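Read the structure below first, then the notes.
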Amino acid sequence: MKGWKAVLGCSYESLALFRILLGSLLLLELVLRYRFLHPFYSDEGTLPLSLLLEKVDSLYKMVCIHCHFGSLFEQQVLLSVQVLVAFLFTIGFRTKWTSFISWYLYLSLTLRNTWMSYILDRYFHYLLFLSIFLPIGERWGVSSQGKAPAHHFVISPGTVAFKALVVWIYVDAGYGKYCDPLGGWFYNADPLPALDTYARHTLPAQYLYALIGPPGLRLMTPIVLYIEIFAAPFAIWGSFLGSKRIIYTSIALICLLHIGIAITLRNAALLSFVACVAWCAFLPLGWNRIESEGQSHDNQAQNTKRSCISGSSLVGQLFSLLCILTMVCGNIWLETISRACDQSVKHIWSTLLHNRWNVFVGAEEYVTWEIAPGQLRDGSIVDVWGKKMEVDWRLPGSGAPCTATGRPGRWRSFPYLAGLEGEDGDALWRYLCLEWNNQHVVDGHHEKELLRYNFFMLQADVLPNMGFSATRKRLIKSFECLPSSKVAESILLTDEAVNPGVTQTKQPDEFHEEL
């Protein structure tokens, strides 16, 4: 097991492990997605179909099956079907079909609200796409039970594309860091190396910072860069030489890197684990069996046929090659010669063909978080964004994320939509009003009804030795939850702190002043 055979192919055991791990993480992501259906995928949420469909073309509507169902119940049914298919994919049931259906439904779900899409969705998109062309169900699956192991190794367009994708992901990500204009990933980074700015926002990160200190983080920063750049080439080199030690070392280093990301950054665990799963392409599982069988055959040609050639037909291999090359050509077209209008949300091309991975390119210059103080009918001030009855303007500590939003998961994309105007903006910002009132206005008691709120983005510069500058805030949006005619009416409230037992009236301008 060495040479180009080992470089271009995969063992059936490694592909089966890839299927099980990817399917398990896909199930986890889909189950977590239930909590985001109402705010981001239903007509009652931030992007109703009435606003989306008027902006997209006919191909978009045809591909996106989720764009034809607007109610929360319908979205829950679609997601439940997707979870079922993902489960069948994980246990290895008819993997060609379950791979394709899982890929298509994930693409459709992403198209329903591309505002919420980020690099995790790109991983699932491409790994599920390549799963269609890989024999991932030949081992450790319900469809492989009772089958004689006629083959142990496969070389196909799918395996070549799988390994090429892993190489491209890390070359693109590493090159982006290497070319950072500020040199944030080098030892002499000024003022701070990248790891010093990232390793601050979780309790494990703060322990790491205290353990090795700024000098240790400065030393580790370029090490992380070079691991990212050279891990995949070293894995290929180890495969060519037939050296399991080199292969496992490369995989262990890159997985340690991703585990470090998972424990030091908020909302990055699932992304890190999916990135590790892609490295199953290089695992030398089953190589000992292939080598022992090779030694038992006097005829080398027979051994090559048994261990290397997939059972798929030539027509199937040609079809796989055509589909993969079409995707690759689309990636190149989108990145090089496509027009700006081709990349707009009107078309599916950016979601379907975007294949860049240059994230965490430079050191963080500042941390950001959000606060939305809101005025209730009873005159109290609450934090609508944090869902808290008091407003805290201080920099969040380890108990809350600093570099994302105060809400987990896909909510972190919400603040970056502040530029939306007209009906789009009204639907986006009004959802916070509806959410608060649905949770706090019960049994006809309107004292806790939200009248208006201001949405602030706060920033603090990252300073040496775990320091941060003074906080500065920027008003992103002022929003009135009630129509102006209702807000203009007098609002009766009891202010015990100012005048105990006396009911007084405040006008809207007084509310605005206090807020």
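Cβ coordinates are placed from backbone N, Cα and C, and glycine is handled just like the others.
TrEMBL: automatically predicted annotations, no manual curation.
Record features, source TrEMBL:
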DOMAIN    7-287  domain 'HTTM-like'
TRANSMEM  12-32  transmembrane segment
TRANSMEM  77-103  transmembrane segment
TRANSMEM  123-141  transmembrane segment
TRANSMEM  153-171  transmembrane segment
TRANSMEM  223-241  transmembrane segment
TRANSMEM  246-263  transmembrane segment
TRANSMEM  269-287  transmembrane segment
TRANSMEM  308-334  transmembrane segment
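Taking every recorded stretch in 12-32, 123-141, 153-171, 269-287 and counting its Cβ pairs under 8 Å to the transmembrane segment (308-334), the highest total belongs to 153-171.
The stretch with the most CB contacts under 8 Å to the transmembrane segment (269-287), chosen from 12-32, 77-103, 223-241, 246-263, is 12-32.
Taking every recorded stretch in 12-32, 153-171, 246-263 and counting its Cβ pairs under 8 Å to the transmembrane segment (77-103), the highest total belongs to 12-32. Remote same-chain partners of the transmembrane segment (153-171), defined as residues 6 or more beyond its termini with a Cβ less than 8 Å from a stretch Cβ, comprise 1, 5, 7-12, 15, 126, 130, 132-135, 228-229, 231-233, 236, 254, 275, 278-279, 281-282, 286, 290, 307-310, 312, 317, 320-321, 324, 328, 355, 357.
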